Amino acid sequence: MFQTLYSYFWWERLWLPANLTWADLEDRDGRVYAKASDLYITLPLAFLFLVVRHLFETYVATPLAGLLNVKEKVRLKATPNAVLERFYAATSKHPKQADVEMLSKKSGCTVRQVERWFRRRRNQDRPSLLKKFREASWRFTFYLIAFIAGMAVIVDKPWFYDLREVWKGYPIQSVLPSQYWYYMIELSFYWSLLFSIASDVKRKDFKEQIIHHVATIILISFSWFANYVRAGTLIMALHDSSDYLLESAKMFNYAGWRNTCNNIFIIFAAVFIITRLVILPFWIMHCTMVYPLDLYPAFFGYYFFNFMMVVLQSLHIFWAYLIIRMAQKFITGKVVEDERSDREETDNSEEEEEVAKNGPLSNGHPVLNNNHRKTD
């Protein structure tokens, strides 16, 4: 039965145009073609990426955080309470008012003490500033190197300047070693992101991130073994062109360099909108949807590839909405923050009491009276 399913999955009519078979893509005369078996190397490479990431974050990102004066906020810990902890772990981290009153009676705490306990307990579970900085540093480094490498791979190719060249001779198009490694490294990196997503900083678009990683892995994998390599290299380089800007803006944000962060973010927003909402749909997707039909009738692989492109484009529209919201805050003079991040909660009621006694507080401690302001 497995053999039957295997045969149906690799049926040429699914993945290749009419009158072509996998035999047409076998290596010959010194020309090498993309093969599905090439992708096996990406899984061990993904685990190697996780090891390299750990070393990078420990020996590069952490010292860099110290140089940029990335400081942790002082978080007030929730007092150990078995009743509240049990509810927090098993029922909800955000109890309703009725639950708060019930927990107040069971735990012997006042309603305000219960609310304060849950605020502090949620803050304890939030990722530290150093963790966020290290993660952003790793992604910035990869995306920057990947973008430079991607441009080096495609800038001298004719299809970089004339998109009709993407389909010239398709699918009998040999691949170069540079294209092979560009593909394998990009795919391995996205596998590593998927493997580490549970332990990485969770944001409000967590589900969208999973969809994005899965769709990207499927799209890269399919475009390789169906020999959509020329289109694939263009798409990957286009995506990397803005990602490193976002990660660098995050790094400066965590370091407290607000002006630098905001300026980089505006550049990122412009590049993102131009590449993801203009070039991708009106040039690249037009190339993958329209030009192939001049050469061969549509087949399953054609529909599958373009469907995954539509999924990615839908996510781009969603993220563009968040980016525009942040850009509006910048224009109106507000501090730009990542709309996807979970904000730190403060003990407002407690601070009001302390202000009355001791003056203004910062993270539970009196603030020195000075007029100095951190700038970049």
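Just so it is clear, glycine is given a Cβ too, placed from its N, Cα and C backbone atoms.
In TrEMBL, annotation is done automatically, which means it is predicted and not curated.
From a predicted model like this one, the values you see are computed outputs, not experimental measurements.
TrEMBL has this to say about the protein:
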- 69-129: DNA-binding region (DNA_BIND)
- 67-128: domain 'Homeobox' (DOMAIN)
- 131-332: domain 'TLC' (DOMAIN)
- 337-376: region 'Disordered' (REGION)
- 39-56: transmembrane segment (TRANSMEM)
- 140-160: transmembrane segment (TRANSMEM)
- 180-198: transmembrane segment (TRANSMEM)
- 264-284: transmembrane segment (TRANSMEM)
- 304-324: transmembrane segment (TRANSMEM)
Go through 140-160, 180-198, 264-284, 304-324 and flag the stretch with the largest number of C-beta pairs under 8 Å relative to the transmembrane segment (39-56).
180-198
Average pLDDT across the domain 'Homeobox' (67-128), rounded to a whole number:
83
Who are the chain neighbours of the transmembrane segment (304-324) in space, where the CB to CB distance is under 8 Å and they lie at least 6 residues beyond its ends?
205, 208, 211-212, 215-216, 218-219, 222-223, 226, 228, 235, 268-269, 272-273, 276-277, 280-281, 284-285, 288-289, 339-340
